[in-house]
Amino acid sequence: MYVLNRKGEEEDISFDQILKRIQRLSYGLHKLGEYPACVTQGVINGMYSSIKTCELDELAAQTCAYMATTHPDFSILAARITTDNLHKNTSDDVAEVAEALYTYKDGRGRPASLISKEVYDFILLHKVRLNKEIDYTTHFNYDYFGFKTLERSYLLRINNKIIERPQHLLMRVSIGIHIDDIDKALETYHLMSQKYFTHATPTLFNSGTPRPQMSSCFLLSMKADSIEGIFETLKQCALISKTAGGIGVAVQDIRGQNSYIRGTNGISNGLVPMLRVFNDTARYVDQGGGKRKGSYAVYIEPWHSDIFEFLDLRKNHGKEELRARDLFYAVWVPDLFMKRVKENKNWTLMCPNECPGLSETWGEEFEKLYTKYEEENMGKKTVLAQDLWFAILQSQIETGVPIYLYKDSCNAKPIKNLGTIKCSNLCCEIIEYTSPDEVAVCNLASIALCKFVDLEKKEFNFKKLYEITKIITRNLDKIIERNYYPVKEAKTSNTRHRPIGIGVQGLADTFMLLRYLYESDAAKELNKRIYETMYYAALEMSVDWLQSGPYESYQGSPGSQGILQFDMWNAKVDNKYWDWDELKLKIAKTGLRNLLLLAPMPTASTSQILGNNESFEPYTSNIYYRRVLSGEFFVVNPHLLKDLFDRGLWDEDMKQQLIAHNGSIQYISEIPDDLKELYKTVWEIKQKNIIDMAADRGYFIDQSQSLNIYIQKPTFAKLSSMHFYGWEKGLKTGAYYLRTQAATDAIKFTVDTHVAKNAVKLKNADGVQITREVSRETIQLNQRYSKCVSFKSNNDEQCLMCSG
């Protein structure tokens, strides 16, 4: 049997040569022992005559990836093998890579540069220093699935062949941001290379390219309630989606069904047919040749006369002509609606064509205008507020949406001097002003919190977090200048207000590394201190980075009046950790460069690249699947796997039990209680505590946060209790998605039948006990709002705060 080397020559297969290579790449890994020989044997077993050496490498990587449930270091070894293979097929000269990307021609011989001329010129000018600074050894710190994510979507290709290495990508991104400052470019490169933070996906996609559209989020309100206005807005959405932007669009100003059209003496068809056109546009414009589908979130206020039809648009049943399932839906909820639901009062549906101004007002002004229209009998229909409430909840239970945000909180706490904010973005963490002349924009980056844990001292390094946050603040501000804007209204808004959005990933990993239980007082205190540090650092940098005065719309803003985010929450923040009094004096003296700063977002792709748990969320499971082109792989929570491995508890039987219990360890008798407490999944953590932690960090988040809600078996009572609790806590985002678990488990073909049956038996037996262990506080919450759910619910339910 022989292999074909990269020159196409035949070579005899050498077991020893394969083994030596795997052993060479196993440096620094934790107690792999005899496993390299097992990997080598697995590779030999999967080989065939005339296999290419690059295919042999991929086979070795896949073998290691399958063994990752034996020990987490196998995922790193798999990535190292894949990386080593990439190194053999790509250049280690930065200028040579830039040359290939810049001089690329398409199939017809036309110039089709993949990087911009100024980036190319910059690299040629500084090639000696760049080649000296770039560190390819950091490639070997990615795990297999992080590397595969980069390989699949992020690294630039020519004729479907990967040209970039991950370090080339990070260098391209850094240069694209700091084209005028090599020192700052290299500083950013090294920090990203060391995985302290990452810029958002659109920045990784497009920085340094001929059209560097690096912004993640775009918010629009309709140009006008007319054919011209609707299709101008649709064109804006298409152009934004084309360049990888996620979209939030407010449609509450579009007239409802059967509303009179004065210009044609006709009758409106309402929102549904219009949204089907937006739906098809989202499907068609897929962000650059299939990178990812266009994504739009459509916002509406609950007084709109088409609200019931709106809530059905994503459902799986019903007439197809009344469905638009590729859009995401959101409700922009005024406090008055929540009050009416709580008091079981009527709610009037209105058409914006006949009752103008509702979307332009909030708080007391909105309530006065709304009740005035009611008194004048201007509404289209009157319903019980609770009937609409339960329609919203039913849609959330069936589809996970609508996304749920509180209009008055969103307008009261970030900015008040520009006008009424009408919507958020796709992921509901951006709170910015929009108008027909302004498309709101936000550039994002996320900090990998687990990198700030000192494992020896079991301490969190707040000083380093402060330093990194300041660097990210400067980077995101520079992107505003360097960015390519797909529509002129976006540039107008972004240069006028200069908002940015800094988020996090790996908060759950941080707690686990510090041995903090997610619901513990220590975790709650750390949660607050992290965001206080980030907010302080970002504000301070926004003061220090002033170059030509504050941002254009600064005068009249809360910041110009000495009011910061925590002041709007009426929260008392002392100078124990940071000198807020001094910072307020600096702001009063010089102003701020940026309107908004913090916006914890979902980090689905980038956290997978860096190998962290997503955003600020708990782990949803301790075992899950990862899919790549070569197949499906089990991945175990690496912290849990290391603990079980160190205690001699990890073996094939433990793996089988973990799969049988859907990633929960609460019912596995061999696992000690301290680990059961530390490795609770989100389904085993009280939602009340998750909401409390969201409110605690909310004092320091001037935009909002993508807060998912997790309920195993959602019901009206549980959802009502959760929504009202979050509303009363003052959250801006009440719920991004409602996440639920399937009513029945999928058949686990890989699990021993006896293990699976025993898992079900244990869970059912323990379920009785869990149900009884409802806190008094939770019962009181449920009783407090029983009035608004009692006539709809026939079940004796426990509150969702227990996640029972």
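In case you wondered, yes, glycine gets a Cβ from its N, Cα and C as well.
Quick caveat, the model's predicted, so the values are computed rather than measured.
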Fill in: Co-listed GDP-binding residue [Swiss-Prot; alongside ASN425, GLU429, THR603, ALA604, SER605, THR606] among SER216, SER221, SER226, SER241
SER216
Fill in: CYS442: disulphide-linked cysteine among CYS217, CYS788, CYS799 [source: Swiss-Prot]
CYS217
Item to complete: For the domain 'ATP-cone' (1-92), would you mind checking the mean pLDDT of the predicted model?
Response: 79
Worksheet item: Within 10 Å of TYR737 (site 'Important for electron transfer'), Cα to Cα, which of the recorded positions GLN17, CYS217, THR603 are there?
Response: none
Response to the item:
Looking only at the recorded positions ASN5, ASP57, CYS217, THR603, GLU429 (active site, proton acceptor) has its closest CA neighbour at CYS217
Worksheet entry | Assigned conformation of PHE15 (ATP binding site) - DSSP reduced to three states | helix
Worksheet item: Given that the record lists SER216, ASN425, GLU429, THR603, ALA604, SER605, THR606 as binding GDP, what is the largest C-alpha to C-alpha distance among them, in Å?
Response: 19
Discussion item. Quick check for you: of the recorded positions GLU11, ILE13, ASP57, ASN425, CYS427, THR603, which have their Cα within 10 Å of the Cα of CYS217 (disulfide bond)?
Written reply: ASN425, CYS427
Practice prompt. Please work out which residue of GLN17, THR606 has the most C-beta neighbours within 10 angstroms of its C-beta, and give that one of the binding-site residues.
Written response: THR606
Fill in: DSSP three-state assignment for ALA604 (GDP binding site)
helix
Worksheet item: Mind checking how the domain 'ATP-cone' (1-92) divides into helix, strand and coil residues in DSSP?
Response: 56 helix, 8 strand, 28 coil
Discussion item. I need the nearest neighbour of TYR736 (site 'Important for electron transfer') among the recorded positions PHE15, CYS427, THR603, ALA604, using C-alpha distances.
Written reply: CYS427
